[in-house]
Amino acid sequence: MASFVCFYKALRGVFLRGVPPAAAHLFPLLLLLYMAQRMVFPWRERRSMWVNIYNTVAAPCAQVHFKEGYVGDVLTSTVRLLVDVAFGTLWFLAGVRGWLTADRLDLVAGGNFIERLWLFQKFIVPALMAGPLYWRFMQNIHRAWATGDRWPHLGNAMKYAAAQTVGLLGVFHPELRQHPAWVSGFVFATCYQYAWDIFMDWDLLRWNGSSFELRKNRLYSSKSFYLAIAAVNLVLRFLWTITLIPESTQHLFTEKFDINVHLSPFIAAAEICRRSMWGFLRVENEHLHVHGGRRPKPPSAVAAAAPGATSIAGPPVDPLPKNKAGDGFRPMGIAIAA
């Protein structure tokens, strides 16, 4: 936020006396460099994060546990962010190229150049959009092969395959985004994802023989908490429909306001918030299947010091029924199909 305020003030020429408006572009560059540095250093603390990302990208060759599946789902929510980071990086590189060749930092021309760049439009954007979906698809294929169970892994894989298909079709053929068939496909994929959230990832609703009811084993006491997350999740799942408004009719909603451009950062932020709320109930459901609703007790000092002591303490947990997601959850090697 501080970087945005400084950028806006410098662009208007009211930041500091003597600072030209062209210097405003240094603030997002500094923010980009700072975030890149924080993602790597300190390496001792960041190493585990990059190992998990590598194991996620290496699907289906790598083992799929809960953390890899969770990281994969989080990456599917960062598509807009990754595209913006890629565009910003190329934008500054193009500006530096213009400065070196023409003795000026031509960032505007660099932005127009990137928008028309074949490599960016036909390779980088599709790769960043479909990559996380492909990784989760292959993770589920790996789980289906490793466990020998077709359901729910192939059903979960179909969810990502549907999203990937309509997404790639919209990227390579943007003229089809107003076509009823493409819109119907996107609505189907979104409804599929939402239903999977409710019935599989969260195991939130269960059939009691006559109607659906909220599962009784819950870690959060308030029912309204679950209902609120489910409602917000539904709204944010369909927030992308704003981008379907044709440019020829946008003037009916607002003047001098590009909906796709100006709302894109807010839609990206809303997706991150939605994924965070999704994570609360996903981790809760995982905890219930692993520990049966109990909190695992840490080993006592005496038990930990005893020869041959194991790292698992506390009373034995009753055998758990197989998770609805069909992953055969185990405390030390938890698989996911999200």
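Glycine is no exception: its Cβ is also placed from the backbone N, Cα and C atoms.
Below 8 angstroms of C-beta separation, residues 3-4, 6-8, 10-11, 15, 85, 88-89, 92, 95, 105, 107 of the same chain, each at least six residues beyond the ends of the transmembrane segment (22-41), sit close to that stretch. Among the features that TrEMBL reports, transmembrane segment is placed at 22-41 (among others).
Taken from TrEMBL, the feature transmembrane segment applies to 81-100 (among others).
Under the heading domain 'EXS', TrEMBL lists 116-314.
Residues or ranges marked as transmembrane segment by TrEMBL: 225-245 (among others).
For the domain 'EXS' (116-314), the model's average pLDDT works out to 81.
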